[in-house]
Amino acid sequence: MISANDKSTDTNVDSTQAEQKIAEKQNKLLSGIIERATKSSLGRKKLNPSVVESAVAKKMEEIHKNPTKLRLVVLGGGSFGTAMANLAARNGCDTTLWVRNKRTVKAMAKSQMNKKYLPGYKLDDRLKYSHELQAAVKDTDIIFIAVPGLAFRETLKSIAPFISGQSIVSLTKGMEKDTFSLMSDIIKDELPEVNFGVMSGPNLAIEIMKNMPSATVIASESEPLRHAVQAALHSAFFRVFASDDIRGVELGGALKNIYAIAMGMAAAYEVGENTKAMILTRGLAEMSRFGVHAGANPLTFLGLSGVGDLYATCSSELSRNYRIGNMLGRGMTIDAAVKKLGQTAEGVNTIQQVHEKATKEGIYMPITHALYAVIYEDKAALGVALHLMEAGFRSDVEFVMEHDHSNASLTAQMQTANSQSKEDKSKQGNK
């Protein structure tokens with residue numbers, strides 16, 4: 001005989017199983033990640049971030065000791081991709097660094113060093129290397145893509161046949177040259193069924209390799225993916241914060257390169273701290289203005305992926321975009337500067353893309369337009385800077401005070417003020 005309690009228990013079991021099936025369906029592309037990352041019994045649906053963070057912290061030591069907990073591959077052997085692969089391997093994740101060139105892979109495996117991009121920094125013994133894309137990608141939980149923006153779409157097309165449940169995290173900052181697409185847009189175009197995220201922040205690779213305290217942001221609509229990335233990369237020297245504003249985090253990482261070029265140019269003229277502060281804050285204003293127009297949360301730009309990344313990139317001579325700007329400020333042509341740098345400076349293309357979009361859609365971006373004039377129209381940098389300083393009156397923080405982006409309102413105010421001044425002088429003369 002089955003009692004009422006037994007029936008109730010069966011009902012509860014059925015209900016629980018149904019909820020589990022729904023949760024598993026929602027997160028089917030993340031199979032095994034949370035279990036490998038935390039070994040906790042927490043469900044996947046509507047996870048409590050504080051509870052998961054606590055569970056991850058408790059299990060972090062075990063995660064670091066057991067290399068089978070999370071299986072990762074980083075595509076791209078540049079400075080940042082190498083730094084992230086090294087960090088994951090050091091944390092105990094089963095990590096492979098994929099590099100296209102077979103000879104480079106052999107050299108890295110033999111020397112345990114990326115001599116081209118991170119010379120002098122020994123990589124973790126547990127880090128594996130591969131030039132075979134299929135072998136590197138299959139049977140992994142997360143694919144981190146750290147290739148230049150120009151190669152991002154082609155890389156996704158190359159791995160598409162080998163996708164069988166992996167999640168993708170973009171480490172690439174910038175926009176596609178001809179389409180104005182961000183990396184998340186390209187992922188949705190090429191692999192629409194894949195669970196994905198983007199990572200961005202003030203992350204100079206050499207400082208990370210030196211174990212200097214740093215932090216970044218993982219943005220994804222998938223809470224399990226956010227927690228998995230945090231578990232994989234979090235360490236005593238590297239904190240990973242979470243966000244669900246993919247657009248804002250990604251735009252912060254792309255747009256700040258523009259103002260790093262501006263800051264590098266300004267440094268070439270040996271400007272003072274006032275000028276640097278002005279470039280930094282007015283650059284942030286442009287970033288948030290453009291971001292809101294694109295659907296981002298303006299508050300995101302006050303975080304690590306916004307002002308944090310902007311500050312680091314604008315104040316460090318390690319920044320490729322800063323160095324490009326500095327060379328331009330010293331009289332080099334853009335072609336000569338890029339050739340001397342020998343690496344990709346995403347900001348050069350971003351300036352052109354943002355200038356065109358802002359012009360088309362009426363977004364007020366004076367610093368961007370000025371840089372475009374210098375780089376693509378061969379205008380004198382000093383003359384363009386003086387023109388910027390002579391621009392019309394504006395309020396400081398436009399999310400606090402309403403803006404009229406045209407100068408019509410300003411012109412009317414000035415005309416009224418001039419008329420009033422003439423009347424006052426006339427009255428004084430009559431007296």
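Heads up, the Cβ atoms here are built off N, Cα and C, so glycines get one too.
Per Swiss-Prot, sn-glycerol 3-phosphate is bound by K173, K256, D309, S319, R320, N321; the candidate from G120, G201, G362 named for the same site is G201. NADPH binds S79, F80, R100, K173, A205, R320 as Swiss-Prot records it, and from the list E132, E154, E286, E346 the residue named for this site is E346.
Spatially close to E346 (NADPH binding site) yet at least six residues away along the chain are P148, G149, K173, G174, A254, N257, N321, judged by Cβ distances under 8 angstroms. Taken over all pairs of the listed NADPH-binding residues (S79, F80, R100, K173, A205, R320, E346), the Cα spread reaches a maximum of 22 Å, rounded to the nearest whole number. Spatially close to R100 (NADPH binding site) yet at least six residues away along the chain are G77, H131, judged by Cβ distances under 8 angstroms. In this entry, sn-glycerol 3-phosphate is bound by K173, G201, K256, D309, S319, R320, N321, whose most widely separated C-alpha atoms sit 15 angstrom apart. All protein chains shown were included, and the count of other CB atoms within 10 Å of the CB of D309 (sn-glycerol 3-phosphate binding site) stands at 29.
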